[in-house]
Amino acid sequence: MKFSEQWLRGWVSPQVDRDALVARLSMAGLEVDSVTPAAGVFSGVVVGEVLSTEQHPDADKLRVCQVSNGAETFQVVCGAPNVRPGLKIPFAMIGAELPGDFKIKKAKLRGVESNGMLCSQAELQIGEGNDGLMELPADASVGEDFRVYLDLEDASIEVDLTPNRGDCLSLAGLAREVGALYDAPVTRPVVMAVPAAHDEVRSVEVLAPAACPRYLGRVIRNVDLSRPTPLWMVERLRRAEVRSIDAAVDITNYVMLELGQPLHAFDLAEINGGIRVRMAEEGEKLVLLDGQEVSLRSDTLVVADHTRALAIAGVMGGEHSGVSATTRDVFLESAFFDQIAVAGKARSYGLHTDASHRYERGVDWQLAREAMERATGLLLEITGGEAGPIIETVSEQHLPSIAPITLRAQRITQMLGMEMDSAEVERLLNALGLKVSADGAGQWRVEVPSHRFDISLEVDLIEELARLYGYNRLPVRYPQARLAPQAKAEARSDLPELRRLLVARGYQEAITYSFIDPKQFELFNPGVEPLLLANPISNDMAAMRSSLWPGLVKALQHNLNRQQDRVRLFESGLRFVGQLEGLKQEPMIAGVVCGSRLPEGWAQGRDTVDFFDVKADVEAVLGFAGALDQFTFAPGKHPALHPGQTARIEREGREVGFIGAIHPELSKSLGLDRPVFVFELVLAEVALGKMPKFHELSRFPEVRRDLALIAHKDVAASAVLDVIRENAGEWLTDLRLFDVYQGKGIDTDRKSLAVGLTWQHPSRTLNDDEVNSTTQNILTSLEQRLNATLRK
């Protein structure tokens, strides 16, 4: 919300300077983002009047003007297309200094003397208009200092409001806050009801009362929209960063800024029959005021006539029903559209308007009539015309209702760490427009006004007290609690421990958004319907992630684009999966790796990381809680992973994650020019381990046997190891695969697996007969179950 300081001080003017006011607003939770001067730095500019003009003798586009400053007449050469006798303009006299250290001196233009300069808005930095002179009203006082005339010793203050403070998106709301902060009186403009000068009306039907509980309309005839908007209004709009369009649009924008109620003016001649507020028909077309044609969805509320949609309710009007300079009769709309009905609709159509910004945050449902009367009065004053009666349709059952709140002094003391005087509590809350009455000893009954839709609980009232009293004035009180130590399950590994493990293995932690681009969701999950947000932050953050990979890969791309060739990232967070019984939110831990296996160094090679390097990292995570033997890696399929480098990770038959290389087609789509490996694990499964069992170290020698086995190339090494474990007996202490070979001397459909087995008995030495017998059992089982034989 951006506004003029002088406009605000017209409502409430505490005896403090600008800096103090800005600081107090920020401390009260209305954070001031910027304070900018209302105009550039200039001096020596007065209100001038062009008395006469004549053609320059040597230049077709220049005019020689006689300009008065109220006391003298000066000859000025000007090339502006709109210069003419009788025009009043900003006149920079000799010696004036304009923005950019530009000094006005006597000069000759094509041989004709020029004593000053006639100025445009852009030259004085009071607007963007540079296609001609700034035209002042006919009643402008010639000779008056231009800065004084336009009250340019002003500033535009921009306040960054949190979404719950929609009540401050107006001068009325801001003035109410300032008045409460400084205990200063607030002078609200007196809005008089405009009597009807004719009886013409248009019928209003609200077919979606839950979305539009209140709708007001009024016919205003014989307006003259060719009349200019008064300069005082144009300036207030400009200082609020609102561009002047025409009188009707400017007035609706002005009232919106002043009171907080969005309004809309329709060209009455373009309305067929009456007004119908309804839900759009699926695929219904509407060309908006910005020229964009949209295809409406059935969940969009529209204002329509009897034949077509006229506007997206609370967002933007249609082009064909908008007012123009030729409009003679206007239908003025002032409505209360439900917050939920409007929320997200603007963004879903790629729009963001001042009206939607306010409706999404909440508009005072009792404000519509006052705003209608205020806009009508201004419209008649500026453009002429006659107003008809107000037509109002209300659905009382759908209007918001706020129940009274009980506020306890004990709770205030508990939360703020101090006792607050009862009179002070009542004064602060009354200053905000809340009705406070004592309700027994040490408590109050508080009625919340319609403009404070963010207050519904006792803690909300206490927050208001803290804001107005001043956070910086609250005493420091440390919390006291009796905390007993919590027993930790020894068979679990906490997330912080897993984080430290991955950091120790060369990873860096990343935090990415849970919202992703639906297009990116489709790349990682082709054919799967994404979970779309009803009110996304932006179109490229409209889907909930079903995996942590999209965010991690995006972070990887960001680093690769900045010459980081070795990237190892991990993240822990929720994934969101739609199920028949509802949304499943599951904590996951995932990683992405690319680049060299080891950091660059003189004694280290530059080998590129591969699948088995990442598998080793995953095994370290899986084994951290002591349950690595419960996990298995099996060949798997995943649409985002390389079909030949993908493993499904299982725990006792349950799928707990995936590991693999990014699919080549996906890499191409993402612009990745090197191998990228990823893993993702269900955090609950990873964290759950088992208690280790301790045994006395054996003092007897180990016995080792190495077996070279021939198996079909499609037989997984894990399957071979599982069969060996099942038949190796209880004294097997170590089993490892140390070589895999395919090539010369072995059939093309076979491969050689070399495994090492180590046995050790805790209380005696194993003899060869025992080991040989066990080895033979292993070989027999391998041949029977996997057709794997000893290599000869």
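For all residues, glycine too, the Cβ spot is worked out from N, Cα and C.
Pulled from Swiss-Prot:
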BINDING   D454, D460, E463, E464  Mg(2+) binding site
DOMAIN    39-147  domain 'tRNA-binding'
DOMAIN    400-476  domain 'B5'
DOMAIN    698-791  domain 'FDX-ACB'
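Everything Swiss-Prot records as a feature, shown here on the structure.
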residue: D454; record: Mg(2+) binding site; CB count, 10 Å: 17
residue: D460; record: Mg(2+) binding site; CB count, 10 Å: 16
residue: E463; record: Mg(2+) binding site; CB count, 10 Å: 16
residue: E464; record: Mg(2+) binding site; CB count, 10 Å: 22
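Across all of the domain 'FDX-ACB' (698-791), the predicted model scores a mean pLDDT of 92.
In terms of DSSP secondary structure, the domain 'tRNA-binding' (39-147) contains 6 helix, 48 strand, 55 coil. E463 (Mg(2+) binding site) falls within a helix when secondary structure is assigned with DSSP.
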